[in-house]
Amino acid sequence: MNRGSLCPNPICLPPLEQSISKFLTQSGTFKDGDLRVNKDGIQTVSLSEPGAPPPIEPLDNQLSLADLEVIKVIGKGSSGNVQLVKHKLTQQFFALKVIQLNTEESTCRAISQELRINLSSQCPYLVSCYQSFYHNGLVSIILEFMDGGSLADLLKKVGKVPENMLSAICKRVLRGLCYIHHERRIIHRDLKPSNLLINHRGEVKITDFGVSKILTSTSSLANSFVGTYPYMSPERISGSLYSNKSDIWSLGLVLLECATGKFPYTPPEHKKGWSSVYELVDAIVENPPPCAPSNLFSPEFCSFISQCVQKDPRDRKSAKELLEHKFVKMFEDSDTNLSAYFTDAGSLIPPLAN
């Protein structure tokens, strides 16, 4: 890989984005393949059956946007925001993700991918999705509210996470990865601290499947370039085919960041920061992988990180294999209370705070 270049081959410009109109019906339904979303909810339809698909009918006891009271905005992104909302009757809190559709086909594809995965996934280690709607150019997704925020929020409060707590966090994330990798054949492709959410019950859940990839089989490979550059595996950055082992690399970086309190890749000593994202990703591809300092951490943790961040993905362990690692099991008999830790760390979001 050439210094300062993101890919070893000449960059190919993507085709011009197509109009958003290809995703909309005259009745105001957002569609992509078998997926249909409108003001009444979401459904998947059979494309093999002749004729128009049946209308979307609201389910009994279905959540609706009219039932929700907006409390405050708890997250912002380039295409929308996440609001804390409360059900007017039950007083239960939810997170409402509101996305403004634009004219880019890639945005529409990402939204439909997230909706499709949310609709079909049932796992206690993934953030639950309760309902989705499309109306007046907005996609609204009602999600489980994780009142502790994200691991990124936790790190801002505590600086570093001790090994016993990190082991418990790791076990929960690995169980989520086992589900998406082996049961659903999904590569997350954007695993990072801000996409791992926590709550006062000590739960840790994976969220944000907007750039995920659904494979045809567990042995299939992907080749598209999406996600957050710093947490990308070397094979993804270099444009090679990749598998769900790319998520394992990202997990290793996340855990090492939580343990040390800083991102594993640091700029050269004479620099205060990376001059560009290209310099950083070049270092990820060209330099030796990061490691946990053996004088600061247990042999079990150092071994676990090493098995996650092997440069060759064939040398990385799978999520199932890592669940059997000594680091994941070494604190099982100890009094590791994630619920108390998350609460004592002061990371909980006060729902009604100004």
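Cβ from N, Cα, C; glycine included.
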Checklist entry - Can you check which of Ser220, Ser224, Ser246 Swiss-Prot annotates as phosphoserine? => result Ser224
Item to check | Position flagged as phosphothreonine [Swiss-Prot], chosen from Thr103, Thr218, Thr336 | outcome: Thr218
Checklist entry - Near Lys76 (ATP binding site), which residues of its own chain have a C-beta under 8 A away, given they sit six or more steps off in sequence? => result Val82
Checklist outcome for this item: Gly80 (ATP binding site) and Thr228 (phosphothreonine), compared by Cα position, are separated in whole Å by 18
Item to check | Whole-number mean of pLDDT values that fall within the domain 'Protein kinase' (68-328) | outcome: 89
